[in-house]
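Chemist: Before we start, here is the structure in question, set down as structure tokens.
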Amino acid sequence: MLILVGSKQGTMSSLASPVSLGSLMGVSSSGRSHSGVRRVSFSRGNCKGRKRWHCLSLSVCRYSVTTTDFIADQGNSVSLDSNSNSSSSSKSGGDDGTGFVLKPPPKPVLKAPDNRMTHLGPSRTTGDVEERNKVIESLGEVLEKAEKLGSSKVNGDKNNGSVNKPVRNNANASPRTERPVNSAASLKSKTLKSVWRKGDSVASVQKVVKEVPKPSYNKNEEEKSQTRGGEKVVSQTRAPQPPSKPQPLKPQQPSKPQPALLSKPSIAPPPVKKPVVLRDKGAAETSVKSKEKKSPILIDKFASKKPVVDPLIAQAVLAPPKPGKAPSPGKFKDDFRKKGALAGGGRRRRILDDEDVIQDASELNVSIPGAATARKGRKWSKASRKAARLQAARDAAPVKVEILEVGDSGMLVEELAYCLATSEGEILGYLYSKGIKPDGVQTIDKDMVKMICKEYDVEVIDADPVKVEGLVKKREILDEDDLDKLKDRPPVITIMGHVDHGKTTLLDYIRKSKVAASEAGGITQGIGAYKVQVPFDGKTLPCVFLDTPGHEAFGAMRARGASVTDIAVIVVAADDGIRSQTNEAIAHAKAAGVPIVIAINKIDKDGANPERVMQELSSIGLMPEDWGGNTPMVPISALKGKNVDDLLETVMLVAELQELKANPDRSAKGTVIEAGLDKSKGPLATFIVQNGSLRRGDIVVCWRSFWKGRALFDDGGKRVDEATPSIPVQVIGLNNVPIAGDVFEVVESLDAARERAETRAESLRNERISAKAGDGKITLSSLASAVSSGKLSGLDLHQLNIILKVDLQGSIEAVRKALQVLPQENVTLKFLLEATGDVNTSDVDLAVASKAIIMGFNAXTPGSVKSYADNKAVEIRLYRVIYELIDDVRKAMEGLLEPVEEQLTIGSAVVRAVFSSGSGRVAGCMVTEGKVLKDCGIRVKRKGKIVHVGIIDSLRRVKEIVKEVNAGLECGLGLEDFDDWEEGDIIEPSTQLRRRGPLKRPQHQWQLLWRE
């Protein structure tokens, strides 16, 4: 271990450096023998101001042994092979200049130590390899310091007494080139590491202590410079470099005889502008770190204003906040100019403006200069973009049509206004000018549309009527991918016909159930789907039967049944023949393109005539097979089950000829047969799968509704996990009640189903508005009534508000169509709410606010809701038969009309003579018909003209006052304000009657002859 001992100022006063460990040195006491330098010290001599290097002890070292010269204090080089007095003089440390100092190595240039004393204490020697490697690194640092001091002395640099940090040697430099030439260990350099690891006793060396005590500096010591040998030495600073492995130093010749060999010529670095502040190792690292944290970021003022990194992020990275409570947001004081600015600066604003221009151009479909991706000059201003948007809006404005197609149902006001390129206000203003006061959304009938379009010079043509048969077009469900995977499926059979012809009774016999007995009024008011096992050809095959209602109000239900069916069974009563709904059912089946099988029912009743029924069917194009046609007709008795098996066999034969197939391995597609709202299960619907398989957990979209399969139920109410083709199932868990007749299909994800449902729901907005029965429809008849309302008494327009609650979605459609048939010239119907489910308190509140009545069709009312309605004085009427509902609505509409007063003629009399009395002239009359009553009104006619209208003041018979005189009797009567009687005048007595106003405006009205 090397120990450097300096002066009291802590600096080395001699230009020397310790030699490499193991350098040979001649000792006079031993003649020409050589010993290795084991310890070198730099001690203070007796003379003041003199410092020397001394070789304290010598021993032979097997590591990097070489011959090194000593350099005297005055610069004289003395070889180690000199006499012993040289050695002794070096030890004595006198002022005679005979002391020896070690020659510096050539490369590293380090600062001289401070004038203060640097004490390096000895360290304990250890035997492990890591400790020795650290010793070598410490020795290398010390040797580099000494080498720099020697180099600065030779080059004449000035020294200010400061000590620099050790400089790391080049890691790529080869240690062989710098190894001493005469080293005794050069022959064993390859095995040097292994020799060192073996722990040779000679290799025990003292370790240099790296931690140097922190000296205290003052300003005078920093600025103080010292001279040695007539030359001023100035300290030089270099950037700190990472430490490198120690390398052996190359021997150097004495300076005087061979000055070029002392060290390699070095170029002094340029002087540093700022004064060097000396700190210890720890202080230097702290200074560097703090400088890096607080160093400013240099930005070119001509560069982009947008920072590469967000200033807030950069500030957080450069100066992370201390742990603790963070400042509350919004308390930073920003410059008032920057408050409204964006975080990204001006360029960010320009980019956003460009995006706005591009977006405007894409939305408005106009060409805006500068809206391209590349910036080319100044963009459009805000005013220019606004002008472009206005121009695009004008271009997209509706254009008045020249020819308008109108159906029988009329048009909405907003739809008509769009077609005429005008506003709804102008249309409504025209209606106001004609005496109509529209309330809310109005539907204008076809005649009124023609009148309005005539004002705008628009031609109106009649559109083709949309028939219910259009709903029964059979949908093609199969795809091209299914053709190779088709399998047989059960047939779907729909039972259709007129009401009370025995459709449900036939199905009850087939299902062995009693459905007809449980139906209200004995009529079907909804579609029932059932799966039945039918024996055929020695085996049992599944069939699906659909029971449709036969009432005229349920035509759409029959159409839906025909659209999904494979075979239509038309039931005709043998004692009743073909009726209106029979013809409609046949038309639906023909429109759907399905085969028809006729079941002539009730052949066991008296008066049954199957031959007459077959004759009637042949007259409408259905020729029986027995008569050479192609329509199977089977006489049956559904009540007793006669010939029902023959009917089923005929149906299965027809189904076999059709070769009904489907692909059960794909996702399901089908049709909604019926839908409703259950108070315990929520929205529910009956699906019939037409292709694929519907499984529990599938995601289904059905027009404006979607469903993630929670549960599937068969026709018996049992849970099932899968529904194969042609199988009807009931599903629960829908987001809302779907529309009966819609097509459903399975989609991949719930998000896709929700998106499609919302899009389709928006497209049905107008249909939902126009679905209200009698939603203020304006017709020419109502217009005429409104115009004449000021002249004719007894007529006025009223409105009946109804809240309808039903059990099934299809029932809403049926009830609405049935009520639309009622005349609405004087009283209009307005359905405020049409929904499925039971009556609730919300319905009662709506009825209170709108003065409406609540009608339930196959719906129930909880007891609490009924009590709540009674307290609110709201009437709730529940029905199970549609006939009763229609009759009550008619009576309610008539009750809104004002009673009409009419004059009814009750008799006739002829004036036979005229008498004078004290009260005036009195007419003697003969009652020819009817009777004459006292205080009744009369009309006096003379030669066919009415000359007076008044009231009988007095009535006498043979001088007795009476109240009435019957026909064939004579009487005398007098009037209070009339006495100009003549013989032959005809008197017509009449009485005033009050009756309920008619729903339909009468063709004529009687003029009131008198008023009380």
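Quick reminder: no glycine exception, Cβ is built from N, Cα and C everywhere.
Straight out of Swiss-Prot:
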type: BINDING; residues: 497-504, 547-551, 601-604; note: GTP binding site
type: COMPBIAS; residues: 75-102; note: compositional bias 'Low complexity'
type: COMPBIAS; residues: 152-175; note: compositional bias 'Polar residues'
type: COMPBIAS; residues: 183-194; note: compositional bias 'Low complexity'
type: COMPBIAS; residues: 208-231; note: compositional bias 'Basic and acidic residues'
type: COMPBIAS; residues: 240-257; note: compositional bias 'Pro residues'
type: COMPBIAS; residues: 277-294; note: compositional bias 'Basic and acidic residues'
type: DOMAIN; residues: 488-661; note: domain 'tr-type G'
type: REGION; residues: 75-132; note: region 'Disordered'
type: REGION; residues: 147-294; note: region 'Disordered'
type: REGION; residues: 319-340; note: region 'Disordered'
type: REGION; residues: 497-504; note: region 'G1'
type: REGION; residues: 522-526; note: region 'G2'
type: REGION; residues: 547-550; note: region 'G3'
type: REGION; residues: 601-604; note: region 'G4'
Chemist: Look up LYS503 (GTP binding site) in the DSSP assignment and reduce it to helix, strand or coil.
Modeler: helix
Chemist: If you count Cβ atoms within 10 Å of the Cβ of GLY497 (GTP binding site), leaving out that atom itself, what do you get?
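Modeler: Excluding its own Cβ, GLY497 (GTP binding site) sees 28 Cβ atoms within 10 Å.
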Chemist: Would you count the other C-beta atoms found within 10 angstroms of the C-beta of ILE603 (GTP binding site) for me?
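Modeler: Its Cβ shell of radius 10 Å holds 19 other Cβ atoms.
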Chemist: Summarise the region 'G4' (601-604) as counts of helix, strand and coil residues per DSSP.
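Modeler: Across the region 'G4' (601-604), the residues distribute as 0 helix, 1 strand, 3 coil.
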Chemist: Can you tell which of ASP500, LYS503, THR548 has the least company, meaning the fewest other C-beta atoms within 10 angstroms of its C-beta, among these binding-site residues?
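Modeler: Fewest other Cβ atoms within 10 Å, among the binding-site residues ASP500, LYS503, THR548, is found for ASP500.
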Chemist: Can you tell me the three-state DSSP label for GLY497 (GTP binding site)?
Modeler: strand
